[in-house]
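Worksheet: one structure, shown below.
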Amino acid sequence: MCPKVSSRSNYGPTEGKKKILFLLLPIAALIAGLYKQKDTEIQRKDGQIIPTVAPKTSSGVLECVPPAIHEFPEDIFTQEQRQNGFVAIHLVVTIYLCLILAIVCDQYFVPTLEIIAESLNVPVDVAGATFMAIGTSSPELYSAVIGSFVTQGDIGIGTIVGSAVFNILGVTSVTGLLLWNQESSVDWYPISRDSLVYIFSVTTLICIIQDNVVTSLESVLLLMMFGVYIAVMYFNSSIKEWGEGTVEDLHQWWKKSRRARASSFGHRRSLSLKASRMGDPRLLLLSQPLDATLPPTDPSNKTVAEDNESDTTTTSEDSELDDDLSPFTIPRDNAFQFTLWLITWPALVILTCTIPSCKKPNEGNFVLTFISSVFWIGVISYMCSWMVTIISHTFGLPDSVAGITILAAGISVPEIIASVIVVKSGMANMAICNLIGSNIFDILFCLGLPWFIKTFFVSKTYSLIINSSALTYTTATLLSTVILLFVTFSVAGWKLNRRVGFMCLVLYIGFLVIACLCEMNVFGQMNPPTCES
C-alpha cells in the first residue's frame with residue numbers, strides 16, 4: 001500500500017534525504033560511467049562480437065558511424081523476428097510510453113511549474129524558459145551522459161541538433177494545429193530575448209567544433225554561458241524595463257529629429273513633404289506611440305488576449321485537463337475513461353507511489369514533485385528513444401536519417417505534451433519560451449556537462465575529438481529555424497493559431513527533405529557510412 005503524502009509544507013529529515021538522493025542520481029550515473037564499459041567490444045548472446053567504439057583514422061576522425069541500436073540494451077527479439085511481425089510489440093510499447101509520459105506531464109510536471117512561478121514570483125515565460133526547459137530536456141541530458149560514458153559512444157550532437165529543430169518547428173506546428181479554431185497571443189519580448197540568446201549559443205558552438213576538437217576550456221565556456229543565461233532570466237524584469245525604456249527613448253528621439261529636420265526646410269518644404277507623403281505608411285507608423293506598434297502586454301508578462309482566451313476555454317477542455325487519473329478511483333463517467341484507466345493502472349500505481357502530489361492541499365511538496373517527475377520524464381523518454389531506434393533499425397532506416405526524424409521526434413515527446421497542455425491552459429508564452437529555452441539548455445548544458453567531465457576526468461590530453469559531419473549545414477539549420485520562427489510570429493501578428501501551425505509544418509517538411517538528402521550524401525560525401533552490424 002502506498003504511503004500517504006503529508007500536506008505539511010515543511011520537510012523533515014526523510015524528505016530532505018529523498019531530495020538529496022534524487023539530485024545525486026545523475027551525478028552517480030556519471031561517476032559509474034567512468035568505470036563501466038571500458039572494453040572496446042562486447043559479445044552478444046548469439047556469439048557475435050560488436051565493437052563499442054567505432055574505428056578511427058590516424059587523425060582521429062570516425063571511419064564509420066556505429067549503429068545506434070548498439071548504444072541501447074540488447075533487444076529480446078532478433079532482427080529476423082522483428083521483421084516477421086514482432087516489431088508491432090515495439091510500436092505498442094512506444095504508444096504506451098507516450099501515454100504514460102502525458103500523464104506525468106499533465107498531473108505532476110506542469111502543476112509544479114505553476115507553483116514554482118507563483119512561489120518565486122516570476123513570469124510564466126521565465127518559468128517556461130528555465131524550469132520547464134530543464135525538465136523537458138532531461139532526456140537529452142540523460143542520453144548524452146549514457147552515450148558518452150556508459151556505452152562509450154560519441155557525443156550526441158546529431159540527436160541534440162535534430163531535437164532542436166523539431167522543438168522549434170515541429171512542436172510549434174503540432175501545438176498550433178491542435179488549437180485549430182482557437183488562437184493564443186504571445187508576447188514579442190520573451191521570444192526576442194530567448195532567440196537572441198539562442199543565436200549566441202549556436203554561434204559559440206560553431207566556433208568550438210569547427211576544428212573537430214573540444215578542449216576543457218571550451219566546455220567550461222559553455223557552462224559559464226548557461227550560468228549567464230540563468231542570471232539574465234533572474235533579472236528579467238529589470239532588463240525588460242530597461243530595454244523597453246531604451247527603445248521608447250530612441251523612438252522619441254527619432255521623432256524629434258525628424259521634426260527638426262522637417263522644420264529646417266521651411267514652411268513650403270514642410271507642406272510639400274506632408275502632401276507628397278501623406279499616404280506613406282512608414283510616417284503613419286512613426287506618428288503613433290510605441291505601445292500602438294507592439295502587442296499589448298500586462299505587467300505579469302502575459303498577454304491580455306491570452307488572459308481572455310484562458311477565461312473562454314470550454315468547460316469540456318478544462319475537465320479533461322483537471323480530472324486526474326487515480327489508481328484508487330474508478331472512473332464511471334464513460335467507457336473511454338474507464339478503458340484508459342484500466343490500461344494505465346499499473347503505471348498509475350507506480351507513479352502514485354513514487355511522485356508526491358503537489359496539488360491542494362499539498363503545495364509544499366512541489367520540490368519533490370518536480371524532481372521526481374523530471375526523473376520519470378528522463379527514464380520514460382530514454383525507453384521511448386530505445387523503442388524508436390529499434391523500429392527504425394528494423395525497417396532499415398539509416399541512423400543518420402533516423403536521428404533527425406524519428407529519433408528526434410521520439411526524444412521530443414515531453415516538449416510536445418507539455419507544450420500542448422500549457423497552451424490549452426492559456427500560457428502560450430510559457431510553451432514557446434520552453435521550446436527555445438530547451439534548445440539553449442541542450443547546447444550549453446547537455447553538451448557542456450559531458451564534455452567538461454570527459455575532458456577533465458577521462459581524456460589525458462584534456463580534449464576530445466568529435467565527428468562533425470555536415471557541420472556547416474547543421475549549424476545553418478539551427479540558426480535558420482529560430483529566425484524562421486521569429487518571422488512567422490511577426491507575420492501572424494504574434495498569434496499562435498492553426499495558420500502558424502501550417503507554416504511551421506511546411507517549413508519543417510522542407511527541412512526534413514533537405515536534411516535527409518544531405519545525410520544520405522546526395523549532395524556529396526558529408527557523413528561517414530554506418531559500421532556493419
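In case you wondered, yes, glycine gets a Cβ from its N, Cα and C as well.
Quantities reported herein were computed from a predicted structural model and do not represent experimental measurements.
Look at TrEMBL and you will find 20-35 (among others) tagged as transmembrane segment.
Summarising the annotation, TrEMBL assigns transmembrane segment to 86-109 (among others).
Residues or ranges marked as domain 'Sodium/calcium exchanger membrane region' by TrEMBL: 91-234 (among others).
Annotated transmembrane segment per TrEMBL: 157-180 (among others), in sequence order.
Residues or ranges marked as transmembrane segment by TrEMBL: 220-239 (among others). Long-range contacts of the transmembrane segment (220-239) within the same chain, counting only residues at least 6 positions beyond its ends with a Cβ under 8 Å from a Cβ of the stretch, are 122-123, 126, 129-130, 193, 197, 200-201, 204-205, 208, 301, 440-441, 443-445, 447-449, 451-452.
For 291-324, the entry in TrEMBL reads region 'Disordered'.
As annotated by TrEMBL, transmembrane segment applies to 335-355 (among others). Cβ atoms under 8 Å from those of the transmembrane segment (335-355) belong to residues 2-3, 96, 99-100, 103-104, 107-108, 325-328, 369, 372-373, 376 of the same chain, restricted to positions at least 6 beyond its ends.
Feature annotation from TrEMBL assigns transmembrane segment to 367-388 (among others).
Sequence annotations record features per position, and here TrEMBL assigns domain 'Sodium/calcium exchanger membrane region' to 367-515 (among others).
Taken from TrEMBL, the feature transmembrane segment applies to 400-423 (among others). Remote same-chain residues near the transmembrane segment (400-423) are listed as 65, 68, 94, 98, 101-102, 105-106, 109-110, 113, 128, 132, 135-136, 138-140, 143, 158-159, 161-163, 165-167, 170-171, 174-175, 178-179, 184, 321, 377, 381, 384-385, 387-389, 391-393, 430-431, 434-435, 438, 496, 512, 515-516, 519-520, 527, 530 (criterion: CB distance under 8 Å, separation of at least six residues from the stretch ends).
If you look up TrEMBL, you'll see 435-453 (among others) marked as transmembrane segment.
Here TrEMBL flags 473-493 (among others) as transmembrane segment.
The annotation transmembrane segment is assigned in TrEMBL to 500-523 (among others).
Sequence-distant contacts of the transmembrane segment (500-523) (same chain, six or more residues past either end, CB-CB distance under 8 Å): 165-166, 169-170, 172-179, 398, 400-401, 404-405, 470, 473, 477, 481, 484-485, 488-489, 491-492.
Ranking 157-180, 367-388, 435-453 by CB pairs under 8 A with the transmembrane segment (86-109) puts 367-388 at the top. Helix, strand and coil residue tallies for the domain 'Sodium/calcium exchanger membrane region' (367-515), in that order: 120 helix, 5 strand, 24 coil [DSSP].
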